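Single-structure report; data block below.
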Amino acid sequence: MTPFAVLFLSVAIIAFLAGVLGNGIILAASSSSCIGSKTWPPYDMIVISLSSSRFIFHFWNILYLFINILREHSYFKEDISFVFNPGYIFFSYSSLWFGAWLSVFYCIKVASFTQHFFIWLKLRIARLVPWMLLTSWLCSFTAAIPFAWDVYRVHENFTAPLSMTNSSARRTTWNDRLTLLKNLWNASTALPLILSVVSNILLIWSLWIHTRHMQNNASGFGDPSLEAHMKAIKSVFSFLILYIIYFISLLLLLYSEFLSLSIEESICETLLAACSTAHTFVLFWSNPKFQELPARIWQHIKCRRCWNE
């Protein structure tokens, strides 16, 4: 492992740990809000699904990287990285879907288009969100099945009698089918990308048009409403850029046959971790509700410290 690979992997692990912290705070804040109010608003349902999948996905990546580092230093020889593939696919795909649905939700709720289909979506989005999330979980689970079959196949090859494991024709047929399924599901990740890109562009366009109207009727950029719109445009644009870089990094890790812990894999892992975590913290800073929980915890710690003194 080269020094550059060590550097990038260190940054990736730190970013994944920061993502665990950020997603944990968002998950706790959203869950406590829903439990306290005994209601499940569609926005909170999307955020809970997104933060929970990313929370586990970041932990999964940290564990995967540490096991590969142990293999690199010969603490054990077995390559068990394939065991992580089903979970990796499931949580990475679900994160893609939930991130896309969050962009779609923002677009439908905030953008001010007057087309009939858009108004129809705006009136029904609250009822559609649970089905959107359920469909995403099912798609992610189905995409992970071919990779889970790899784990079963390797186990079968180790445990089956020699006469069974030498049936090369049958094994080749299964390999071809699994490869086809994997490629089909990898190609299907373009759908959440399209949803996210289209939704974010439409939202930026709507906000920009509204901002231009406000500029014509306001004295300047000192207007708080105008500044809020400009801040929203910047946030949505950052969401879009981070999502695209995350998608490209994930696709490179899935399609490219990088050597384990190579400089190429380390760079992709770092970009994946950095974009996912940055997206989480942009979401964190854009919603005051998520900032209240750390503030309450810090206030509680200060009160306990003053009480002990």
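Backbone N, Cα and C define each Cβ position, glycine as well.
Curation does not apply to TrEMBL; its annotations are automatic.
The annotation transmembrane segment is assigned in TrEMBL to 6-30, 42-67, 87-108, 128-149, 190-209, 236-255.
Note: the stretches the transmembrane segment (236-255) and the transmembrane segment (87-108) are in contact (3+ CB pairs below 8 A, sequence gap of 6 or more).
Remote same-chain partners of the transmembrane segment (6-30), defined as residues 6 or more beyond its termini with a Cβ less than 8 Å from a stretch Cβ, comprise 44, 47-48, 51-52, 54-55, 58-59, 61-62, 65, 69, 261, 263, 266-267, 269-270, 272-274, 276-277, 280-281, 283-284, 289-290, 292-294.
Sequence-remote contacts of a segment are chain residues at least 6 beyond its ends whose Cβ falls under 8 Å from one of its Cβ atoms, and for the transmembrane segment (128-149) they are 42, 45-46, 49, 82, 85-91, 93-94, 97-98, 101, 104-105, 121, 178, 181-182, 185, 188. Residues of the same chain lying 6 or more positions beyond the ends of the transmembrane segment (42-67) and with a Cβ under 8 Å from any Cβ of it are 9, 12-13, 16-17, 19-20, 23-24, 26-27, 30-31, 33-34, 80-81, 84, 87-88, 91-92, 94-95, 98-99, 101-102, 105, 109, 125-126, 129-130, 133, 136-137, 269, 272-273, 276-277, 280, 283.
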